[in-house]
Amino acid sequence: MAKSQFSLLLCLSIVVGFGFLSGSWAKETVGIYELNKGNFSVKFTNWGATIMSLVVPDKHGKLADVVLGYDRVMGYKNDSVYFGAIVGRVANRIAGAQFTLDGKHYKLVANEGKNMLHGGSKGFSDVIWEVKKHINKGPAPRIVFAYSSFDGEEGFPGNLSVTVSYTLLEDNQLDIIMKAKALNKATPVNLAQHTYWNLGGHDSNGVGVIFASHYTPVDGKLIPTGKVVSVKGTPYDFLEPHAINSKMDKLPNGYDINYALNGSLSHKMRTAAIVYDKKSGRKMELLTNQLGVQFYTGNYLNGVKGKHGAVYQAHAGLCFETQGFPDAVNHPNFPSQIVRPGHTYKHHMLFKFSTH
């Protein structure tokens, strides 16, 4: 073997080996997977453990996809708005792309000015996940994705083993469980599911309720100030159902804020939000064990070319990203998102779809 050939082979071996160790799952290919239960169906790709579509009937039985996104996987590879993806290692923003943990300072990869958004320039939404299980039959069709995040990925400490399971249950319910285990170092973990919903099939914002009496205000860069304040008398008050866009003109761009969900500071399942579309009769109820939910009205969608020739503009979809409080690593008064070796982070979401 010539020296040049040997060198090339060695380089390829190093690249492939590093790809596996770094968590990129080099042996995995990117594909599309489906779960069906009656006339309820969901499509996924293992690029970002992403929800590509979710089809449910309206009050007349007519089926429609209620998820914004792309027709092909390539769209998700080139995506910059996180359509349908799992975002992490830490969702939302980290001020200054840095934090201190156990006396050690960590500098992260900044990808939104000086701050980090949704895990950095290559967060969990931009990697290939391993398909651990795919069972599209029986009473509870299920798919499980796994990702191995390496020590130092985007600046975060420690190796992290992550799984996300999506399961279809009775009565048009989608159950989502995200788990993460810190293997050798303490690390912040705050995963989020970033689907953009439109129950009218891309032509309605609907009526909403958010079960939160308080929210965490932000500065001009959308970084939390550290305060937790009442929604009373503000455009953020969704304790009583009303049209989502009815108070939007009182905000600079639309909603992009974390709500502190009602209930004790325990990780018990409770209702976070309900959205209803009058025209189609579709209703979506979201339950979670998380303490917060980021409500985002797609403010920065600007001519995004989506499914079937659709062009998405601002406010074309709604995101309900259940989560821990944003930038918790830099706010000691916020509930901690630190996961230590021997402990498991568990994030549970349950979507219930119905009509009336």
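If you go along the chain as it appears here, the first residue is 1 and each next one adds 1.
For all residues, glycine too, the Cβ spot is worked out from N, Cα and C.
Whatever TrEMBL says is automated annotation, not expert-curated.
If you look up TrEMBL, you'll see 1-26 marked as signal peptide. Feature annotation from TrEMBL assigns beta-D-galactose binding site to N92, R93, H194, T195, Y196, D256. Under the heading active site, proton donor, TrEMBL lists H194. Here TrEMBL flags E321 as active site, proton acceptor.
Residues within less than 8 Å, Cβ to Cβ, of R93 (beta-D-galactose binding site) and separated from it by at least 6 positions along the same chain comprise E112, N115, M116, L117, K221, L222, I223, P224, P326, D327.
Each residue contributes its Cα atom, and for Y196 (beta-D-galactose binding site) and E321 (active site, proton acceptor) those atoms are 10 Å apart. In this structure the C-alpha atoms belonging to N92 (beta-D-galactose binding site) and E321 (active site, proton acceptor) are separated by 9 Å. Around T195 (beta-D-galactose binding site), the C-beta neighbours below 8 angstroms that are at least 6 residues distant in the chain are I51, L54, V67, L68, F83, G84, C319. In this structure, the recorded positions D256, E321 were compared by how many other Cβ atoms lie within 10 Å of their Cβ, and the smallest count belongs to D256.
Geometry remark: H194 (beta-D-galactose binding site) versus E321 (active site, proton acceptor), CA distance 6 Å. When the alpha carbons of the residue listed as 'active site, proton acceptor' and D256 (beta-D-galactose binding site) are compared, the span between them is 10 angstrom.
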